[in-house]
């Protein structure tokens, strides 16, 4: 199918499956691996678009379900899409809306037609079909749009998982037909199949034939064992075409981003950095600081000494402590730092891959993040082992 | 270290209103505040909703920090920061004033005694003595501080005895502050006296006899109408020297501000833009003398952005405005942000409202300078008076 992106691999790690690429989208270049912050309702949690540009954020997420409810399709069409509506000149990605229906609405029910749910406004029965999702995403106008998939919890077992996988393929075909703007919006397929290796293989085989501009790994980060999670991720990156971007949905913790990048994933999104900021949690390379706690009331250091974000250049932990969870400014300052932290982490990952020192970058990052080797998560050790990095022994021999 | 603080009158017409500026030299840095002006309102040491980059887009010259915001823990941890309040709060380029109470939100506290002022904190009412106040102020080291006042704001009809006591206490506390506030911090004296003319005169005259940098007049809880309040404050103003600046609290809407300036007030508390932001209102009153270009905003001071009618209104809040919000966003977007309870709504509204407030004062100064202030007040009040909460008929003599 048509594509509105170009994908150029710039560097490849000589040991792991990690790669750096330039993803050219209608609203500018995105350097991958990339973390995409989530601006659910057409705004990134109190940050201005200028602040996001200053942080060099190249792509942000909006949620289709939320924008469909408010401001609604008509308003978006009248102003010419979500970029115009929120005055964001860079790239946008929208999800299909299906995941929100299933996770937010208890009464959602999935049929071959689509996702049936009760309107949160008047309780009337509504149906989100693949056609409706794409039509809404066409009105929003994001640079990357996602197919409607049949989402089952990653903990589900039995025939329902296969059914969801097969239906997702059928829905992908309906989405491709419904897609009105393939020359300006890139439709990504979503690989389903739960934790079953064979289902994943079959799904990839079929979806590859559709030749969408990119692929997402769906149905993970739902509470499954991390040791199974990474095996599914690495299977997908092995089987998917190397010539297209791979997006792992819902991933955002530091160690997950590092490991998945080593496994060959290019794109991530997660609400965690911005959500946790609202609870007063600041991310650092040495772990999270809860700035609400009174031990920071006289801590006159910045959140992170070597961070160059507005927050760290201007304010002490003690100042943010006064504001955290009480004044919106406290939340804004931590959000700025956390987004800056995520983008800096991804920049550092890319730089390490380009300079062919990604393995030593991984070793150092884990040393910073965890107090001692025996605290390294086992799944991460196993995952990295699969791409020729022995985290435990290499950490001991500097 | 040499530090100076001076108030220069640039234009002093025959009437009470004046154009001036405060020049403050400290640590070889010069800060200027043009008057009439306002002290930007802060809560817990930040201008509500505005991170420093957003605040720097707005030509604010001075800020006020209410100490009671920090008194839930004593001594306030921020007062232990070794480099002072300017640096701690990242307000180094602003003239910084401290007062004990929050000028925008006088929450009722408990009664005062000769030694103690009651304030409202996150942990409830707390009592603070004159020497503790001075001690904290000395460590925060702002440019100016308002001396403690024994306010009668919450007393419905204080008797003469109570009013006299309030005048005496306030003068005593001022003496203590003048003797103990460290050099370089300017002390403003609070003028009280409630509704008693003689006591207002005594408070003003005795405060004026002391070595204060300026005066504070508290309009909260004074008079039944804004005209009555202004008449009471005028009694004080008439007994104050011309060569020192006068701050007033409790003047909110622009019509009241203009009347206050007309009677000789130089500086106001800046809580109005924040209050309107919290309500979801944008300030849109005209700043020009000439007839207003009419659109749907004619005759209204405010735009209530919660209103459904803005859903597809793709114009900026105010088309002539140069603020960040108006340069970048539409009414429809801000309406959406309010409806979805997104925090960017108040960021954008506050950016606009505070910016518009600075432009309002800038225009007032221009009108005084160009000798057309009276016409401006006249036209402004005619246009907007009935849209303000106060409906007192006001005529310029």
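One-based numbering along the chain as shown.
Glycine too: its Cβ is placed from the backbone N, Cα and C atoms.
As recorded in TrEMBL:
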ACT_SITE  A:95  active site, proton acceptor
ACT_SITE  A:269  active site, nucleophile
BINDING   A:95, A:96, A:97, A:98, A:99, A:149, A:192, A:219  substrate binding site
BINDING   A:307, A:309, A:312, A:337  Zn(2+) binding site
DOMAIN    A:16-367  domain 'tRNA-guanine(15) transglycosylase-like'
REGION    A:250-256  region 'RNA binding'
REGION    A:274-278  region 'RNA binding'
Number of Cβ atoms other than its own within 10 Å, given for residue A:307 (Zn(2+) binding site): 18
Residue A:312 (Zn(2+) binding site) versus recorded positions A:95, A:96, A:98, A:269 - nearest by Cα: A:269
Cβ neighbours within the same chain of residue A:269 (active site, nucleophile) - under 8 Å, at least six residues apart: A:35, A:36, A:37, A:38, A:61, A:93, A:247, A:249, A:250, A:251, A:252
Spatial separation of residue A:309 (Zn(2+) binding site) from residue A:98 (substrate binding site) - C-alpha basis, Å: 35
Fewest other C-beta atoms within 10 angstroms, as judged across A:97, A:98, A:219, which are the binding-site residues: A:97
Closest of A:95, A:307, A:309, A:337 to residue A:219 (substrate binding site), Cα positions, recorded positions only: A:95
Residues satisfying Cβ distance under 8 Å from residue A:309 (Zn(2+) binding site), sequence separation of at least 6: A:55, A:336, A:337, A:340, A:341
Any further residue of that chain within 8 Å (Cβ to the Cβ centroid of A:307, A:309, A:312, A:337) of the recorded Zn(2+) site: A:302, A:303, A:304, A:308, A:310, A:311, A:313, A:336, A:340, A:341
Binding-site residues compared (A:96, A:149, A:312) - the one with the fewest other Cβ atoms within 10 Å: A:312
Binding-site residues: A:99, A:192 - member with fewest neighbouring CB atoms within 10 Å: A:99
Nearest-integer angstrom distance between the alpha carbons (Cα) of residue A:307 (Zn(2+) binding site) and residue A:192 (substrate binding site): 38
